[in-house]
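As given in TrEMBL:
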TRANSMEM  B:65-82  transmembrane segment
TRANSMEM  B:94-114  transmembrane segment
TRANSMEM  B:120-140  transmembrane segment
TRANSMEM  B:152-176  transmembrane segment
TRANSMEM  B:196-219  transmembrane segment
TRANSMEM  B:240-262  transmembrane segment
TRANSMEM  B:282-305  transmembrane segment
TRANSMEM  B:312-329  transmembrane segment
């Protein structure tokens, strides 16, 4: 009975946090619609949403704002889900796809597809997924040569990323200027010029991956407590872990393919969600909602701060996220904890 | 032992001369050795049909060779003193985010202050490099258990990522800035001129003298701050002067040829394998061997995809990253 009481208590706070995050999402969306680019009034937006209003209002809402907002939220959720699974399985806040080379590999793959083969959206997605898997494979393969756990994986990730960065810079320096600008914006992670096509792509994958991942949430928390604990309560550790990794990779890959590698969402969202909910194990749903809020807030800041220029959202998340990572590291180290 | 080191250093200097010669002699266009020697004589006039060859040697190959010497020396020495100061085998101007700091400052200066020449933005490169190094150093060394190689590398990755975002933001705001930025960020010796090499060269010379003079105090520091203090070394002063040397060397090299990674990492390791940990020998070796590697990387880049070129920065990354990975794989690694 007591255990059940605790569970209910945790759930109350989590539910409250999730509700708060949803309210925040709606608020940022409204703010974006009313104060960025071709602004709409609140009344105009509501009318246009109901099929009324002027042609211009309907166009701005359904073709410009909505796809961008929906895509931003989905991409943020996907990055955060992938990051939460990776961090949970590695029991390390740094075990996110940003750090272990997956994201840089996906960038190289997509760049090669854009600049060398002139690929369209499907080709870019395929290139990103192939590149990400290849880089992650190399990092894990090298790490498994020597063991040494997460620290070695992270350091190998830094080395592989630095080399791929040189390759990316080289590819960009050789492309035609317009293609290079587009590629560089993509590399930073951007929602500019995205439409319902990309939304459909992400929805198609997340509809499958999201619910399955959420249904694994409990087992993920048990795994985070340790393999023995999980095995003790009947979790088939090896099989569950493999499935979780594949699902997480799919989520991050499809988000990368749609919007580019938006920096640091995978790393920061699960950590922020953990602090909001005050729960020790990572929780997937709050993480996903936090990721959505972070991307939409970053995109709003990128459009609003530098208007009329349309900066990629990744610029904002990269600058803020890099600072956040530095703060996180210094905090953990000051406590003398091992991060 | 000493005579072995002396002979090794002489061989390294000979190798440097050979690399410089190769850099003058080899390129997209084959030019006869006699013509190259004629072109190098100041005041010599081209014979019939030699005008183009003279121009290539004097305006293209000489400047890029001098740039390679200056920037290579700077990055090699910077890597050497950095590894000594942080007692960290993973220290490198690229890995620790220092080049990213210089790059961000340079791009900001180009975009918002309209600074166009290397003599102008070299000061911003110093400022950016100093700021980045300060932040990474304090971030990586605070806390109870002090600095560890892993922490510094991670702090460098975090700060570098944030700075890269700033650089990208500025570069993407304006197409013409972006166009110049993308050619510079690869790290190329081509396209520079002797003025660039000269203005960077003075700073590199000053930084190099300072770095080489720090060999003995850095040796003491290698024993740990407490032991160094007991031996009568000025720990605080040594650290400060080393930081100044690193800033000047990295800033000047980055302003001159762009952010070249891994050169400052790989060369000190190769040198240490030969001369051992004595900084008084190690640092001169770094200063001589790094330009050899950079010049050879540049020549290789010129030859492998003829008539195109691969930038020296790409070639050093492709050579240097495996060295970094090998170190990571060989070392025993504790917790972060």
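Glycine too: its Cβ is placed from the backbone N, Cα and C atoms.
Distant neighbours of the transmembrane segment (B:312-329): 68, 89-90, 92, 95, 186-189, 257-263, 265-266, 269, 293-294, 297-298, 300-301; these residues of the same chain sit at least 6 beyond its ends, with a Cβ under 8 Å from one of its Cβ atoms. In summary, the transmembrane segment (B:152-176) does not lie against the transmembrane segment (B:240-262): fewer than three C-beta pairs, each 6 or more positions apart in sequence, are under 8 Å. Long-range contacts of the transmembrane segment (B:240-262) within the same chain: residues 67, 70-71, 74-75, 77-78, 81-82, 84-85, 92-95, 98-100, 102-103, 106, 118, 121-122, 125-130, 133-134, 137, 184-189, 192, 196-197, 200, 203-204, 206-208, 210-211, 214, 218, 294, 312-313, 316-317, 319-321, 323-324, each at least 6 residues beyond the stretch ends and with a Cβ under 8 Å from a Cβ of the stretch.
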